[in-house]
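Engineer: Quick one: this structure, given as structure tokens, is what I'll be asking you about.
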Amino acid sequence: MAATELRGVVGPGPAAIAAPGGGGAGPPVVGGGGGGRGDAGPGSGAASGTVAAAAAGGQGPGAGGVAAAAGPAPTPPAGGSGSSGTGGSGSAREGWLFKWTNYIKGYQRRWFVLSNGLLSYYRSKAEMRHTCRGTINLATANITVEDSCNFIISNGGAQTYHLKASSEVERQRWVTALELAKAKAVKMLAESDESGDEESVSQTDKTELQNTLRTLSSKVEDLSTCNDLIAKHGTALQRSLSELESLKLPAESNEKIKQVNERATLFRITSNAMINACRDFLVLAQTHSKKWQKSLQYERDQRIRLEETLEQLAKQHNHLERAFRGATVLPAHTSGSAGSGKDQCCSGKGDMSDEDDENEFFDAPEIITMPENLGHKRTGSNISGASSDISLDEQYKHQLEETKKEKRTRIPYKPNYSLNLWSIMKNCIGKELSKIPMPVNFNEPLSMLQRLTEDLEYHELLDRAAKCENSLEQLCYVAAFTVSSYSTTVFRTSKPFNPLLGETFELDRLEENGYRSLCEQVSHHPPAAAHHAESKNGWTLRQEIKITSKFRGKYLSIMPLGTIHCIFHATGHHYTWKKVTTTVHNIIVGKLWIDQSGEIDIVNHKTGDKCNLKFVPYSYFSRDVARKVTGEVTDPSGKVHFALLGTWDEKMDCFKVQPVSGENGGDARQRGHEAEESRVMLWKRNPLPKNAENMYYFSELALTLNAWEGGTAPTDSRLRPDQRLMENGRWDEANAEKQRLEEKQRLSRKKREAEAMKATEDGTPYDPYKALWFERKKDPVTKELTHIYRGEYWECKEKQDWNSCPDIF
């Protein structure tokens, strides 16, 4: 064997197989430098030194081992006061920062560790082993810089860290590292989202599983090859050295040959050890691989059986419903007709069980075909040949010619598309629905920004509230406005489009109704939208809403997070409240129906007045009015002045509370009785437009929201092509366009992540994405970090200066 080939097998030359004893006593070197350049793997020299040390009775590492350990081991820099460094144990960064504790102690020095998308802190570095004082998940957190040294990390109210670094440079290093860690955490948390981050769940899971099995198989093959090569080269080395020893050489060379033979013996010992280790690992890996494959196949079979079982149950449920409707002689109640509370109460379950005839949502072996008769349908109602006199193209052309004054009163009817529902929904159970790509078949042709703007449909309630001199009466109208925002949801079972990052929507009704509104998608992970509306009638409404949703198999829960603010200019009364949970029932089988449940506390931060609204969840066993809402308006002392009663889909009434005197002259009960003569109707729902069931059950306002208007920002939802195509009935084209927009957004996100990573590596400042028309800062009333309108939008519109708008469509 040639000398170069021998070196390729053994290591980097004779030094790698030097005789033991050259090193002093000390621990054997298990790894390190000095690795070979051939098939022997990384560091035969180091391994030789290790085995030699063991064979020599615990002596120090051989020459190769010494060479590997000669350089000083790098030590992480210790963070000083307010400083930081790269920590070990997989941490991205760790060091001292000052954390705000309370007004007595102020800022206190704490040891912070940033690792795996989590920021944890301890009182000292020694505490890391046993006591963690707090941890915040960066995937759902927001990072805000206050000044040269201070910055804030908050996850929306539950946890907020006010931190201070020792210098501006240290602060920037921390913020950059945190932004990068957040980007990575978000990427891991949300591998797929509706706006197009990744592929569908089923395809992603399958690809990941195949890649894992392929990698394991490749590693097993590599180990098997390594095993064969080490045995082959070890035998060749021993044979070559034996031949060398048998040659007739001068006596002085015999000693060196003997020494080389000893070293070769050591290499053989090392090789045998490596061969044994490889063989053991190979056997173990093969054994576990078979177990994993068997377990995986079992789980696959179980999943298939469960899917088949659920499919059969869905069919049986559908047949039972058909049989029930065929057997009943009672007329079906239609919740679309406005009725009194008494009528609703009498209908009881009928509201939920019979309100939409022929509205099946079950899985069929191949496709689901929607029924013909009109009603509350999931994927659309049939279009008869005589229902429309003009084509979709002509309708679209007509809507482009509409002016602001002439609001449109119709949109193209919803087409009847077939959809294999179960193939999509079966992979969504337990998942965040906004992160799962869905076809437009599940959508309505409005974005979430436009749905948010629909809260202003009954803006006149705020106009009346602004004129109230009594703060308690004003609170009653604010409460009615809060309830009115849910009135359109009773029929709207389709989901809105998830806005793209930077997407906006304006609604200028200053001339007609005295208000104008602006929404912007300010965050993509988590998805969040900011909204600002102002009226010349004396009020301002603003909010930042994050929508989270979970599909539980039978129902879908939608949880809006965020605070809504309403400020009245004349009095300075500032009201805040949050939204309740929306639940969509019968996702897989049965008829879709929506319920609102939970409590809303409306607080007047100037006077201390409060209103507690209770949205009563629907129950099949309850005799109460469906969709019932009750409420009480109290002063700062807790005394009830008004009682509220109604339903969130019809109307709200107000009663002035008259206390009843007790035997001793005091109030016998705090609330007293609700005098019928004091009843005042605060709000009543407007009737739906004609043929609303064919137009996604849109209200009069909703029909106008996507109408084209000139002069809007290039990021306006009206200009979103997939949404426009869907509205005009071209769903196949809309799905293709949706994929294009998703890919474009995905590339933009990856570009920002690459820029953040490069900034971290270079140690340069990195400015994360910021909203264009809203600024993230602490709310002066709630102390929450939220996006507040910064201004300039309407000025830019007047000048038609949209140079700062991103290209998102």
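Every residue gets a Cβ built from N, Cα and C, even glycine.
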Engineer: Looking at 293-328, 401-436, 509-544, 653-688, which one is coiled coil according to Swiss-Prot?
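Structural biologist: So the range that Swiss-Prot calls coiled coil is 293-328.
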Engineer: Looking at the ranges 143-149, 360-366, 598-604, which is given as motif 'FFAT' in Swiss-Prot?
Structural biologist: 360-366
Engineer: Can you identify, from 212-235, 332-355, the stretch that Swiss-Prot calls region 'Disordered'?
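Structural biologist: Of the candidate stretches, Swiss-Prot labels 332-355 as region 'Disordered'.
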Engineer: Are there residues at least 6 beyond the ends of the coiled coil (732-762) whose Cβ is under 8 Å from a Cβ of it, and what are they?
Structural biologist: 176-177, 179-180, 183-184, 187, 195-198, 437, 439-440, 500-501, 524, 720-723, 725-726, 768-769, 808-809
Engineer: C-alpha of Gln316 (7beta-hydroxycholesterol binding site) to C-alpha of Ser242 (phosphoserine): distance in Å?
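Structural biologist: Cα-Cα distance, Gln316 (7beta-hydroxycholesterol binding site) to Ser242 (phosphoserine): 81 Å.
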Engineer: Taking the Cβ of Ser242 (phosphoserine) as the centre, count every other Cβ atom within 10 Å, in any protein chain shown.
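Structural biologist: Taking every protein chain into account, the count is 11.
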Engineer: Can you break down the domain 'PH' (90-183) into helix, strand and coil residue counts using DSSP?
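Structural biologist: Counting residues by DSSP class gives 24 helix, 43 strand, 27 coil.
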Engineer: Starting from the Cβ of Gln316 (7beta-hydroxycholesterol binding site), draw a 10 Å sphere and report how many other Cβ atoms land inside it.
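Structural biologist: So the Cβ neighbour count for Gln316 (7beta-hydroxycholesterol binding site) comes to 12.
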